[in-house]
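Asks: My structure is below; once you've seen it, I'll send some questions.
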Amino acid sequence: MHRGAATQGLVFTTPLSPFILPFAVDTPLLQVDALLKQYDTGGDEPLTVLRDLDLAVQEGEILAIVGESGTGKSTLLHLLGALDRPTDGTVRFAGTDLFAKSDEELAAFRNRSIGFVFQFHHLLPEFTALENVAMPALIQHRSLADVTPRAHELLALLGLDDRADHRPRTLSGGEKQRVAIARALMNEPALVLMDEPTGNLDARTAEPLHREIERLSREMDHTFVLASHDPSLAEVAGRVLRLEHGTLHPLAAADEMAPEAGPSDDGHAGG
């Protein structure tokens with residue numbers, strides 16, 4: 001297989017601190033209690049995006065969080081994935097309080113235990129599809145040669161086995177998102193967070209990707225949390241919650257949702 005010159009013999013050597021999590025059988029994979037997220041806007045009062053939010057996600061569950069743009073879906077996923085810290089409240093992963101950990105420990109935790117898929121894929125343009133998929137393992141100071149079989153396996157699983165040597169500029173929008181999903185699964189994470197993963201695709205391109213996400217959730221041992229304004233994506237979930245006024249409300253079925261147009265939020269006060 002041809003490898004891009006940018007990653008010939010590439011290996012990351014920066015050591016990461018171990019992040020060992022005890023996991024009782026009856027403990028939710030994710031437990032969120034009284035979560036508060038505010039931002040300083042320079043005015044008299046902070047901007048409150050999430051308030052008094054509680055959530056439990058069981059191992060193996062597929063949860064959809066829906067809501068209009070600007071309601072804080074992306075902000076919530078950033079907190080669940082330890083990309084940001086809350087103003088108050090706790091997020092426990094397998095019983096362990098994430099935000100009692102140092103930034104270095106959280107970085108190690110994220111790379112090992114969380115897979116992220118965002119609306120905009122952020123693939124590295126100078127790398128091939130395979131090299132982009134392998135990136136989470138390379139960050140864990142594994143060599144490209146060692147992780148190539150796993151990356152090939154994931155690309156094949158998503159119907160991209162003939163695109164391994166292609167760079168992002170030669171891929172369609174749907175193919176790029178499949179590469180992003182494969183990358184999120186590279187380290188076999190316990191939790192996969194998907195923030196508007198089909199939000200920038202048209203309906204014709206998005207529908208097959210919805211089916212792929214549903215199939216992956218059935219066939220692979222992962223927990224999925226999907227955030228979307230798109231009700232058709234939420235249909236793959238076993239449980240649907242609406243984020244409104246900074247907190248979560250249950251929905252009886254995905255068909256209770258009205259389609260909403262709009263992109264993901266910017267991490268401060270949106271989607």
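Glycine too: its Cβ is placed from the backbone N, Cα and C atoms.
Copied straight from Swiss-Prot:
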type	residues	note
BINDING	Gly67, Glu68, Ser69, Gly70, Thr71, Gly72, Lys73, Ser74	ATP binding site
DOMAIN	30-270	domain 'ABC transporter'
Asks: I'd like to know which of the binding-site residues Gly67, Gly70, Gly72 has the most other Cβ atoms within 10 Å of its Cβ.
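Replies: Per the Cβ count, the most surrounded site is Gly72.
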Asks: Looking at the domain 'ABC transporter' (30-270) alone, can you tell me the average pLDDT?
Replies: 87
Asks: I want to verify one value. Collapsing DSSP to three states, which class is Lys73 (ATP binding site)?
Replies: helix
Asks: Taking 10 A as the limit, how many CB atoms besides its own sit near the CB of Lys73 (ATP binding site)?
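Replies: For Lys73 (ATP binding site), the count of other Cβ atoms within 10 Å is 24.
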